[in-house]
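For 68-99, the entry in TrEMBL reads coiled coil. Annotated domain 'ATPase AAA-type core' per TrEMBL: 173-304, in sequence order. Per TrEMBL, domain 'CbbX AAA lid' is recorded for 333-395. Here TrEMBL flags 1-18 as signal peptide.
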Amino acid sequence: MNLTAALSLLFVASGASAFSTPGASLRVPTTALHAGTNQNPFGNAQSIQYTGGSDPNNKNYGKLAEKLNEADIERRKILEEAERRERAAEIRREERQAKIQYMRDMPENKPAGTVDEFMFKEGVQDQLDKLDQDLVGLYAVKKRVKEIAALLVLDKMRRKLGFETSVPSLHMSFTGAPGTGKTTVAVRMGQILAKMGYARRGHVVLATRDDLVGQYVGHTAPKTKEMVKKAMGGVLLVDEAYYLYNAANDRDYGQESIEILLNVMENNQDDLVVAVAGYKDRMDKFFSYIPGMMSRIGNHIDFPNYSADELVQIASVMSRDLEYDIDANAYATFKRYIEERMKLPYFSNARTVRNAMDRARMNSAIRTFEKYAINGENGGYCTVSDLKNISAEDFQVLLDDILYADANKRIFA
């Protein structure tokens, strides 16, 4: 019996009504197809099965309806999202056209306010004045800081009138020897940025390699991200940044920290200013290894070494802040000490001055104690002038340590 005859026979036997019933199905047994013969025309197939109809109670019908419903919901979501984007784009176009028309209609002589008004109102001038008071010399540095402040002030004035503005690149590089005022400038810049609305808090977080780089796999990323989190809204000052990169070791963990910093500098520049600091020659070499860092920094400020006269002025400022009075004839002795100390290793500009002032204060205290407590002069009573005085004798002790100490001990003077 051939296949056509088998199907016809089966159709007659079962009745045509089975196919007209909703949800009906037809199963053709294999045995019916090859009865009376050893051949199976369908190979190893067990049956031919048809499931049809539109009965809601049918399991297959329910699944199909569910799938169609899900597809319809998804299609509506896509259409709604496309419409939302189109409306948003249309609103932006309308706002853009309105702004263009506003700028065209704006008269050229429209008053925008005075620069001084913004400088004083925002407190920028106050921070610049403090910078002048805190830092002796460094005229090029102060000039650069004022240029950055001028950009921020004018940018805010433009924004007030409706001009297009964008956050300028405020990441910085400070190069120079230790004690030249890099941290002080970073603090003042953070406060200026906060006053102008470019930083939420304006604080400065100082970090070194030990604060950013871990000791084992998986330790660096959490440490770096924690320091970044602390600095958000202010300035992250990475001192001696070149120690983050070890050219002799490709597997050094510092590279991971650098990559995180680069990503933050690019994506969070509106909420964090990254400043890197160190010796100029080493920083130049560091930038040659990490060109991505160099390209993200828009402000490079070089801090020159102080002269001996400037360091004497710094000592005067320190004594004023500490409420001490340096004798007029003591300045010459201190200047000579500074000139001799500058010839020795490990000289650190203002830090050396600070250490010298601390030793001079100690020498003054020893001198006053011996005079009144041990020798009993004036019945042991000292005056306010005695408590505030720093004399040439107090600086002479420091100078003698350099002039007459053994050569291998002079660096500690």
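Just so you know, glycine gets a Cβ as well, placed from its N, Cα and C.
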Close approaches to the coiled coil (68-99) from elsewhere in its chain (Cβ under 8 angstroms; 6 or more beyond its ends): 162
Integer mean pLDDT for the domain 'ATPase AAA-type core' (173-304): 88
The domain 'CbbX AAA lid' (333-395): DSSP-derived helix, strand, coil residue counts: 47 helix, 2 strand, 14 coil
